[in-house]
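These come from Swiss-Prot:
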type	residues	note
DOMAIN	6-102	domain 'Rieske'
BINDING	Cys46, His48, Cys65, His68	[2Fe-2S] cluster binding site
Amino acid sequence: MNQIWLKVCAASDMQPGTIRRVNRVGAAPLAVYRVGDQFYATEDTCTHGIASLSEGTLDGDVIECPFHGGAFNVCTGMPASSPCTVPLGVFEVEVKEGEVYVAGEKK
């Protein structure tokens with residue numbers, strides 16, 4: 001089965017330390033993070049409480065949820081602090097010809 005890729009933005013549109021929400025038709029939104037020169041993507045909804053992680057605070061490779069302050073590693077989706085215990089789904093990201101693309105399905 002071929003992977004569907006979603007075009008997010010030009011890589012230059014996201015500075016290091018920024019987050020962008022990606023709305024998908026018929027699916028839950030994603031959060032795309034720029035950590036240094038690398039891009040990562042996870043589910044945008046916190047697994048602990050219904051909050052948008054793209055509205056949280058990115059500190060290095062850790063996103064803090066704006067709802068209860070729990071955190072996740074954006075590279076792996078693994079919880080980084082309580083009260084979060086359930087990992088986030090992560091999505092492959094590629095940069096091609098200066099454009100950021102996110103896979104339509106989880107890794």
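Yeah, the Cβs are placed from backbone N, Cα and C, and that goes for glycine too.
Overlay of Swiss-Prot feature records on the structure.
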residue : record                        : Cβ neighbours (10 Å)
Cys46   : [2Fe-2S] cluster binding site : 25
His48   : [2Fe-2S] cluster binding site : 18
Cys65   : [2Fe-2S] cluster binding site : 23
His68   : [2Fe-2S] cluster binding site : 15
Average model confidence [pLDDT] within the domain 'Rieske' (6-102):
96
Same chain, not part of Cys46, His48, Cys65, His68: whose C-beta falls within 8 angstroms of the C-beta centre of the [2Fe-2S] cluster site? Give them in sequence order.
Thr47, Gly49, Ala51, Phe67, Gly69, Gly70, Pro83, Cys84
Could you put numbers on the helix, strand and coil content of the domain 'Rieske' (6-102), residue by residue per DSSP?
6 helix, 51 strand, 40 coil
